[in-house]
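Per TrEMBL, the feature transmembrane segment maps to 12-39, 51-71, 91-112, 132-150, 185-209, 238-260, 266-288.
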Amino acid sequence: DQSNVTSYAATVVAIVTLEAFAGMWINAFIVSMICIAWVKKETLNSNEKILLLLGCSRFWFLCILWVYSFLSAIYPYYLHVHPTTQLIGCIYIFLNYLNLWVSACLCVFYCIKIANFRNSFFIYLKVKIDRIVPWLLLGSLLLALAISVLDYDVTEKLYSKNNNSTCQGNFGEESIKMEEHLFSIYFLTGFGYVASFMAVTFSALLLLFSLWRHKRNMQTNSMKDLSMDAHIKAMKSILSFLVTYSINFICLILTISYPIEKYKNAVMFLVFVYLYAFPGVHSLLLIFSNPKLENTLLRILSSVKCKVCMR
């Protein structure tokens, strides 16, 4: 059994290391390219602001995830102690929620910027979206911080109640209170997952409806329509985001639905493999949906390939 546990831990660390470093490199590329553009232009547009915060949050999220996985495999008894576990959990919740909410803001931004509706409120949002984006990012930051602090407070109370029940022997009464605290954690976690997923889903559906309506109105026009091309490209991007988000949402729900003792079965192993890969995969899709980032990445890869071939 001990050898199986060691083998499982080594496999997890190897996979997490591969996915984390790939994801960190992809997000570091996004952040560095945007920072270079920031220095040149001395300003950032709304899309670049969102991508900058998203890239930073995902880079540090993967960094913390890799450090925790590596240390938990090597020093499990020293790492899983109070209050280290609570602090790491708080940081993990903050960064995870931040990248989920910021990526949802990106989908909403695409929807408002590209979709065409005659609704007065939607037109108002389209005109004011560049002013709204900083507030959306600030709101995402504060919401992620609030939920992480609440999660830390709940786990701290749970730890205290568990120690008191062990010392005093009031297992019946304390177990009920522990279940209430666990329900609070699950509710907070599920709320963040569902809210961000619904934002992405509604944005994708609105863009899809806008594209369908635009195609119907332009069927009799034989001229090439640049707006149609923008719609099609945006829909490819937003639908790819929706697919990856849907799988990620299902995986996140499974992590809070399954008991901890079932985490080492094959299904949950695949779930965590995807969750660790999601920040890198989604960021890679963002790169290929942005012509400037895509061209720069292809130039870098081609130059690296040439240097390797010359050797």
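Residue positions begin at 1 at the first shown residue.
Placement of Cβ uses the backbone N, Cα and C atoms for every residue, glycine included.
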- Item | Feature contact check the transmembrane segment (266-288) with the transmembrane segment (51-71), CB under 8 Å, 3 or more pairs | yes
- Same-chain Cβ contacts of the transmembrane segment (185-209) under 8 Å, 6 or more residues past its ends? 93, 97, 100-101, 103-105, 107-108, 110-111, 114-115, 117, 143, 147, 150-151, 154-155, 158, 231, 234-235, 238-239, 241-242, 245-246, 249, 252-253, 256
